[in-house]
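Under the heading domain 'Deacetylase sirtuin-type', TrEMBL lists 13-316. According to TrEMBL, the feature active site, proton acceptor maps to H153. Residues or ranges marked as Zn(2+) binding site in TrEMBL: C161, C164, C186, C189. If you look up TrEMBL, you'll see 346-526 marked as region 'Disordered'. Look at TrEMBL and you will find 473-493 tagged as compositional bias 'Low complexity'. Taken from TrEMBL, the feature compositional bias 'Polar residues' applies to 516-526.
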Amino acid sequence: MTVTLGLAESSTDQSTRRTLTNLSLAVAKSRKIIVVTGAGISCSSGIPDFRSSDGLYNLVKSKYPNAVLKGRDLFDSSLFRDPTSTSLFYTFISELKRSIDGASPSPTHKFLETLRIKNKLLRSYTQNIDGFEARVGLKSKGKMNEIVNVQLHGDVHRVRCSVCSTDIECSPSHLSTFLDGEAPDCPDCAERSEVRVASSRRALKIGTLRPAIVLYDEPHPQGDLIGKIQTKDLSQKPDLLIIMGTSLKVFGLKKLAKEFAKVVHASSSKNGLGGGKVIFVNKTAPGSEWKDIIDYHVQGNTDDWVERVEREWRKAKPSHWETQTTLSGLPGMKVVKSALAKSKGIKGAKENLPPANTIPPIRIPPSKPIKPTSPSKRKTMDSQRDLPESPTKKRAGLPARSSALEPIPFSASRSMPDVYTNASQAPWMKPRQQAKPSFQPLVDDSDDLDRDVFLIEPDRKESSESDVDLHDLSMLSSLSSEDPSSPEPMSDLTMLSASSDDDVFDMSLCSPPRPSWTTSQAVRIT
């Protein structure tokens, strides 16, 4: 049931005054407000009405005495069927545009901007074509997320082509043409036609410009965009609906208001009134079809009501109106050093700024990397410390020399290493067991003697499963000693042991295996 509250009665009726105060607090506590406005919010802006003695309709009627048009016919799409009514429409819009340019936004328009600044306005839907919302800061053009004010009936400050639908700003030259009852040509259509004629092609039809307003029984050129915006706002679940300055007679506006009212009533708003409410502000009461939709009817002028709401809002929620200012930006103000900083001897300290060296920096010790247990991952982490393997060592099957391995005990004088009774005891064999290479005796380069060096390598294919005959080795030694060309007997060659399991001869005077000496024949080295 709609409750009617008269602004004039609030000074004498305590109950009305308390309810109006609660409505003001509801506006202050709401976070998603939908506002629907009509021509009533622009009456105080200085725009003459249509039906008074000095109104725009009588002014145009005096210029076209033979035209028979009602007030509604001035905004009906059927007027383009007759040239006389079309000329009357152009003249009427030209005079209306001149009146709007000389007017200024009303307090109600500024109140809408206040709601936007306070982050309480979800969207504004207006029937007005004057564009005052854009003057106060409510954007009406751009992308869907940028539009704050939706113009349901278009904008009188823009013109649209009847052929190519080009939308451009209305210029003074367009107004002069409209004032004479004629329509200017579309510049885009004319340019495209000239280009075709210059290339010896057929000329295009040149459209005419008309005011970019939506008439009755005419589709909105941006109807799809408005539908998307409305759907998005409904999904946002607004908590308050304010309808101002309209009689709710247009079918499209009635449908929009009912859909928003249904969502507002279903919302769980925290405005202190037990849920979302619908407030209707107008001099005339709404029809009977709105009795279960509109909760409160504030009877009076819209400017008086918004001024009352703002006044009570400031009184109840002063924190909403506090603004932070910078003293350095005001005239005659400058930033000075604080007395506390001077007493402590801190140089360069300014007021309201903490000293730079009062808090010691926090040092976080670097964490030690955890070495992975997997050999492949460990090899990847230590790859920057590993020396590259030579191709010769890869072919011989020897381990790559790394910083983690034990160095081979060779001195600068190339002294002989210790004698190892088993090949696995050698330092180069400790990291991992490799294939058993052949051993060669080391040749001392310090003397000038020539000697025959025999490289002994057992034939693994034929004698891998049999013991080595020691008699063959002794015969080899005797033959070497009887050789007259040998300067010295081969006395340095000493047999230590022979194992049939490993097929490896352990010998004194041996050096680490050299992969380049991998032949089974006797070689004479000088």
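Positions of Cβ are set from backbone N, Cα and C atoms, glycine also.
Automated prediction, rather than curation, is the source of TrEMBL annotations.
From a predicted model like this one, the values you see are computed outputs, not experimental measurements.
Positions of the features from TrEMBL, shown on the structure.
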| residue | record | Cβ neighbours (10 Å) |
| --- | --- | --- |
| H153 | active site, proton acceptor | 21 |
| C161 | Zn(2+) binding site | 20 |
| C164 | Zn(2+) binding site | 15 |
| C186 | Zn(2+) binding site | 25 |
| C189 | Zn(2+) binding site | 20 |
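Considering only the binding-site residues C161, C164, C186, C189, the residue whose Cα is spatially closest to the Cα of H153 (active site, proton acceptor) is C161. Apart from C161, C164, C186, C189, the residues listed for Zn(2+), the same chain places the Cβ atoms of S162, V163, S165, T166, D185, P187, D188, A190, I206, G207, T208, L209 within 8 Å of the centroid of those Cβ atoms.
Confidence over the domain 'Deacetylase sirtuin-type' (13-316), given as mean pLDDT on the 0 to 100 scale, stands at 89.
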